[in-house]
Structure formats: C-alpha cells, structure tokens
Amino acid sequence: MSCAGTCGKAVEDAVSAMPGVFTASVTFQTKTGHFTFDPSVTGPRDIIDKINTACGFQATVIRPNSTSHLDHSEEIQKWKHTFFFSLIFGIPSMLVMMGFMVYMLINGHEGMCCLIPGLSLETLLLFILATPVQFYGGYPFYVNAVKALRHGSANMDVLIMLATSVAYIYSVTVMLIAVATQMPTAPRTFFETPPMLLVFIALGRWLESIAKGKTSEALTKLMSLQPTDACLVTLGPNNQVTSESMIPAELIQVGDILKVSPGTKIPTDGRVIHGASLADESLITGECFPVSKKPGAQVIGGSVNGNGRLFIRATHVGSDTALAQIVRLVEEAQTSKAPIQQLADTVAGYFVPVVVLLSLLTLLTWVVLGYIDITLVTHHYHEDIAQGMDSNEIIWSFAFRCAITVLAIACPCSLGLATPTAVMVGTGVGALNGILIKGAEALENAHKVKIVVFDKTGTITQGVPMLSHVSLYVSESFLSLTKILAIVGVAEANSEHTIATAVTKFVKGLVRGGHLTGKSNQFDAVPGFGLRCRVSAIDDLEKQIESNTDIRNFHNKPDRQIGVKEVLDVGNFSLTVTAYNPIGESFSSNLSNNGWASADQSRSPNRRRNDESLLITTLDEEGQAEGAEATREYEVLIGNKEWMMQNGIEVPREVQLEMQDYQSLAQTVILTAIDGRLVGMLSISDPVKPEAHLAVYTLKRMGLDVMLLTGDNERTAAEVARQVGITRVFAEVLPSHKVDKVKSLQRNGDVKVAMVGDGINDSPALAQADVGLAIASGTDVAVEAADVVLIRNNLLDVIACFDLSRITVRRIRLNFMFATVYNLLGIPLAAGVFFPLGLALEPWMGSAAMAASSVSVVCSSLLLKLYRKPTKESLSTLEYRKAMEARSLALDLDDVSLHRGPNDLPQPDIVLREKISSGLMTEERPDASRLPSTSSRAGPVMIMVNDEESSDEDTSEEARLLTNTSSQRHHFRLFQMVGGGGKRGHMLLPMEDPEESLEMKA
C-alpha cells in the first residue's frame, strides 16, 4: 500500500461488496485490515483472494502474536535506497542546471548551443542524468500505479507517475524534434524534474515510513512484553521444589505451577502461592510504582518480577491473558476508523481524478491564454525571443510546466494520514497509560460527552466490604486493641459470611505472611444474629500484630485522647478507632464528657462525612484488668444488638445511638463481647475510593454533568453521593431501567452520555452509552460491552480518557486544516493562478512541498507521544484544596437530589416539621433519612402538594391525593415541606399506625 487515502478505501470497498462481509477497515500505517464476516457465507481465503485479484495487493493472514506487520524496516530500507539512488543523479542535475544558469547570466547565450543542431550540452547532460532515475528510481511508483489503474482506482503513485512521465516524455519529444529539424537553438526541457521530484518524494516516503513505525511503537512495546518461555515446577511439602523444567510459553496450561526468578518476566496471568516480591506493571497498567506481590495476589503476564522469587499458579493462558487481550484491543482500535475520517476517505477517493482533470484544465487554459496574449505566460517575452525561442515553445513550455507542477504538488496522502496517524498514536499512548480505547469512534466521541453516569458498587466504591471503624468500650489494661483484633480475627476466620471475611482480611493484613495462628472451639453461628465460640492460643498472633510497624507507630503517637478519632493506616487498609472510658456505672457520663458529643451533634451523620478510615484513641487507664493476661481462653460473642441481648449482654442506649449513626452512613455494625462483657463495636462498609471526590470535582470543573445510577437503596446511594460530591442520584434502578435512563439522557442522540461501571448489571447501559467505560477489575461482560477499559481501576483515568480524546481530536483537526489549506493554496499556486503577481513554482518545488506535507502531518501526530495524563498532584489545585477546607470535601444531604428508579421525580430534600393530625405536636426533624420508609407499604408511595400561598391551617383543605387505587382507605402522616428560597409544600406518607394519622379516602 502506498497511499493512505485511496489504497485503503479500494480494499474496503472491494471486500465490503462481498456477500457475508459485515465490516471492513484497513489501516495504511500498519498495512493491516480488520474484517468481520459470516463464516457460513465467506471466509479468510475468499477475502484474501478478493484483495489479491481485485485490488492488486498481496494479502496474508496475521499469525497470533506475530509482530511482522508492525516491522517497517523493509519498507524503510526500500525508500532509503530509492532516495539515495535518486539523490546521486538529482544533485548533479541541480548542479548542471544552476551552473549553466550562472554561465548564461555572465556570458549571455553566446556559445551555449550547440553540440549538434538542436541539442545543447545542458540538455544532453540532463537527459543522461534523468533517464536512470526515471526508470530505476521510479520503478516502485510505476508498479503501484499500474496495479491501481489495472483495478480501476487511482492513488498517489498515479499522480507521481503522470508528473514524471509527462515531464520526461515531453522533454524527450521536443529534444528529438529539435535535433531532427536541426533547430539553431536547443528547446526548453524538463529533464531536471524527474530526478528532483523523485528525490523529494522518496525522501518523504522514507521519513514517513520511519514515522509510521513510531506510531505503532506502543503496540510493539506491548507485544514485546510477551514472554517466550517459562519454568514449570513441581512443589513438595513446605513448598520445596521437587522438579523443574523450561517450557515454551505457548505450552503453559491452566493450573501449572511456575517459578519466576528475580528480574525475569512473569510468563502468564496467575496467582501467587508462595514467595513475596515487587512487580513492575508500568507498561501494562500504567502504574509507575512497583506493586507488592504476596501469597494470594494476582500477577499479570508480561510484568517484570522484582528482587524476590515467586511461585505462581497459572489462571489464564494464551489469548485469555490480560496482555493478549490488551494487544488485541489496541490492534482493533488502531484499525478502526473515526467518524471524522469518513469525509477524508470520500475526498481522497475523488482526489486523484479531480487533480488530473485540473492538470489538463491548467494545460488547456494557459495554451488558450497564451495564444490570446503571449505576455500572460511570460514576463520576459523579448528576452525569450532573443534566446531563439518562438511563441509556440514559450506557450507550450509554460503550460506544461504548470500542469506538471499541479500533478506534483497535489497530495491526497496528507488528507488520508490526518486521522489514522493521530488515532494510532492516541490509542497507543492511552494503552501505555492504562486506558484501553477499543476504537477510533470512542476516542472521538469521548470529548463530546456532556453527561457522565457512574455506577456505585465497585466503581465509586471499592466493591468489597472492609472494616472501617472500631469503637472500644474497655480500657487498654483490660483488653488491648491488638488482643481484641487477634481474638475477633480468629473467631471470624471460621465464618464464611462477607462481614467475617472483611474483619479477617484486615487482621491478616497486620500479620506477616497473612496467617492467623489462634484456635477456635465450640463455634456456633446463628444466621441473622451472629456467632459464639471460644478462642485460645492467640499469644503468638498478638505478638505478631504488636510487631507491625503501623500498629507500633500508632501506639507511640503522642497526645492521644479518649473519644477522639485517630487514623490507623495499615498497608492498603485505613481504620478509625474511637476509645471510650470503660463501660460501668458512669458509662453515660463518661461517653458524654469524654467520648461522646452532645446528642444533637453525635447523632448527626454529617459530623462523620470525612471519616474514610479507622480511628483509634487512647484508653483510660482506670479500666479494670481483671485477669486479662491470666485468661488463655476467651468466650466470644460477635453479632447484632439482638444477639447480644439474647445472650444477656446489655447494650447501653449510647451504644445503640452510635450504632444508628454508623448505620445511617450505610455501614453494617456488629458488636463484640468477650467473657460476658461488651468490649467494642465494629463497622463494616464498602468504602468510597480515595480519588472519587477529586474525579467528580474535576469532571464538574470540565463542565460535565455527573450523576449516580445504582440499584442500591436510597439512603446508601445518597450517603455515597454526599461523600464524593454528586448532586443527582437515581437509586433502586434495575439493569433494564439503567438502559432506559441512559436513552432518556441521550435525547435521541443530541447529548453524548458516558457510563462508568464494572458489573454485569451495568453492561446493557455501557453498551447503550455513547462512551462506555469499564473498570478492568469488574466482570468480563462489562469489559466486553464497554468502549474504554480502565486497567488501573482508578477513577482519575476517566478524566484522562476525556482529556486524551480532546487532545487527539484537536490534533486531527489541526492535521485536517493543514492538509486542506495546503492543497487549497498549493494547487492554485502550482497552476499559475498567481503568476500575474510574479508567483510561480517549478515542478521540483511542487514535489518538495508535497513530500513535506505528508511528513509534517505524521510528525504532527507524533507530538501526541508527549502527552502526560493528569495526575492526582496536578488535579489537586489550590482551588480544590480551598474547596476541601471550605466544604470538608462533602455535600450536605439537602444538596443531593435523590430519585427512586429511573424517573425524574425527586424525593423530598429535607423535612423540617412533622404535623400530627391533632395539630398539637410539632417536632424538629432536620434529617430526611429519618422519614418512614415507604417502599414496603401498599398504596401511594408519595404525594407532593404545592402550597406556596397557603398557610399551615388551610393545608389539609387544599391537599389533593394522588393514588394508584380508587376504593381503599389509607392512613397518612402529613409532613410540611420547606424548600430552597422559602418555597413551601406538604407531603403525605402512608402510615401503619392509624392512631397518629390523618385518614383520607382515596
């Protein structure tokens, strides 16, 4: 393939016309095609035959893991050889032409002619130098041009062939006529045109080939990561290697145990079963820091092992590995076409015939104008006549010069290269930064997005339950934090419940090797309540926890106070722990004075809006240490409040209020009792990702509307939205309704919508959205349905995706503008339109400009390799930090517009006063989350009554009841609403208790 605009389109048109072929996309840069077809109708052999016969190209199937199509070395060498061969004759041609020009200026035309009548020395030398270049240096162009014409298409080689051939044939013809007629002077020829034109064109093709190789450099890097062999081992007791052998990477099977030595590539995707090390995954995920790998950790094939030895069990092999899928996605993206390229392909298809017609029109126009007024084609008529030229020669030589220059300067390649080179570099840069963009259409559409819709679980949040808070109700001398964690960790290790898993995972993270060494006996779990067991032999585990550097640093913190939260960061975990005075007779006052805020403050969920980690405070030394060290077996109860009460453990009112506070934050709360005494409360939550708020804030600053669309309940959704700064929430939305919501947001295609998700339930919405972004750690279904895959599971990459799209599309438009302006100005200039102003080009000048245009477009696209994606540091601007301080990184609940289901009917923002039917009771209720739930009741869910003009007394008379039933009686409670700007209204909610309700007939 020799032309970006026409060669690829010819193949696409020919293959698309075949029966059973659905899509055809050809990439000039890599000379590859991607075709989808019905195998029952056609196949690869038929497609290859069609390309070979109908288009004149030699096509072959790309072998798996083959990089031959990315290797441009052969093409680079070919054009390098052509350039230097043409240069050997082109430079002497230029010297001969300039030498005789200088001689003529000094000595005049006397003695310039002739060796024989009609043939000067200059003409003879230029003929000798031009002939080898025309037939040997121009051979590749002739071959490609003949193939194109034979199959009914025209490409850039046709223009080059026409320009050089017309110049050479015209010069030979007039030279032979002059010699045959024994003219007294030598005619004007264009023998210098073929060498100079081919020099510049070959140079342009050489540089273009080098640049094209760099556009696919990212894909080459990724493919070079694929290992060639692996060390297969058999492990005996205590993970001792009993046998090992080297095998090709292609022979690895799922379940094989492989040894990865320090500094070597990990041969395939797997899970660490023994050993610890750091892995460099930078070229795959974009993560610049080495990632810790311990037993149980996932490893990615192609990443580089650090300084530790690992034994891994293969989980994915061959084309199923993450690296293989990344390579496949990048290849498909680079062979896809952006919608903006369709215009360029259409223009390129007509470009060559139009240019040929313009060249002929230029020739005829100047011939006609020359015979009308010869001064229009020469500013030196008398000098030309004095040199022995007649009027016919002056007219025809000028007309041919302009026509040849039009053929030489016109360049459809710059138009054809504008989009695909930018797309190739852009997708490659994205892949190296952990952003897999599956196609050029997604890359183009991403910058047009106006609405970004986030899923909650696994997207905004971590997607897994984690221990987030611990409250301690005993003194350090009675039971230390480390002892409580050791006891609870061993007890929960016997349970398969997700809450137990979260607790055990945290405790394991404190221990080197991740193994819990205690014993648990008489284990009994009661579904829905909790568990009881007896735990012993935890001394060694307690010592390991105490030796943890993070735990030790925490205990050594100065100025720790009772009732004040402090953060304990352990590896990837972050925990908050609050310690109170021991539970006793003065428990209530202790909590009030030392550990608890006043009732109004402590019960407000907004006080904990920044609590994203676990707090631990110092314990009062007044607690009782009743034989804590002497007791080696502990009776443990872990569960909810009812479980404690069933087992005779009193749960004070203040503890219940604290539980309610954390439950209002969408967290699961369990209590822990040891040896018949309530010792603490554990809170488990699905924590928000640390970068989520910054990502949402930045998207809003970019002018995008951000929404949360989740199937979770309203209270949880509202709390998560509050933490990350999202103001519009759609909760309790079914997967099918997610699709409907995305459709409604798109407004029949007028608004571009991006959906960010990770689960199976998100896949329909991901497919429906204009740009679907899937978290790579999510389900395979979601990844397949999405247009963009975020490898690093970092929400800041959403911003990077939009930013990369914006910069790439801007570069494409710049390329288009340059290519268009070049042709719009270059062709008229070459045609002599500006000749009356003294501006005219020689054919070799046109060829130099043409070569420069293609090279400049490719180099412009290569500038995208300088792109650096936004980082947390660059996005955390002074403005953002001020916003953090001003609003504590969170919204108030009354700033969140909450919707149930996909509709746009908002739930009430806040209820200020509740009016009972008697009208005698008014209660302040500043928290909408305390409204009675209506999801499980019959009858109307919610009735909003607008009464901006009405008073409290006449509200009931003006109320209108909207319901799905027509003959039932319902009991309601009437709530007065006060919204923004003092707007007033009322809401009726169905109630279960008729004693305190306003009875109305539907």
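Cβ atoms here come from the backbone N, Cα and C positions, even for glycine.
Under the heading transmembrane segment, TrEMBL lists 83-106, 126-146, 158-183, 189-207, 347-374, 394-418, 816-838, 844-864. As annotated by TrEMBL, region 'Disordered' applies to 591-610. Summarising the annotation, TrEMBL assigns compositional bias 'Polar residues' to 591-604.
When Cβ distances are compared across the two stretches, the transmembrane segment (347-374) makes contact with the transmembrane segment (394-418), since 3 or more pairs at least 6 residues apart fall below 8 angstroms. Counting only same-chain residues 6+ beyond the ends of the transmembrane segment (83-106), those with a CB under 8 A from a CB of the stretch are 112, 121-122, 125-126, 129-130, 132-133, 136-137, 191-192, 195-196, 198-199, 202-203, 205-206. Using the rule of three or more Cβ pairs under 8 Å, pairs at least 6 apart in sequence, the transmembrane segment (189-207) is in contact with the transmembrane segment (844-864). If one looks beyond the transmembrane segment (158-183) by at least 6 residues along the same chain, the residues whose Cβ comes under 8 Å of a Cβ in the stretch are 116-119, 123, 126-127, 130, 134, 138, 141-142, 145, 148-149, 189-191, 193-194, 197-198, 201, 352, 355-356, 359, 388, 393, 400, 403-404, 407-408, 410, 843, 847. Same-chain residues lying 6+ beyond the ends of the transmembrane segment (844-864) with a Cβ under 8 Å from its Cβ atoms: 163, 192-193, 196-198, 200-201, 203-205, 207-208, 211-212, 214-215, 404-411, 413-414, 417-418, 421-422, 424-426, 429, 807-808, 811, 814-815, 818-819, 822, 826, 830. Within its own chain, the transmembrane segment (816-838) is flanked in space by residues 340, 344, 355, 358, 362, 366, 376-377, 379, 398, 402, 405-406, 408-411, 414-415, 417-419, 846, 849-850, 853, 856-857, 860, which lie at least six positions past its ends and keep a Cβ under 8 Å from the stretch.
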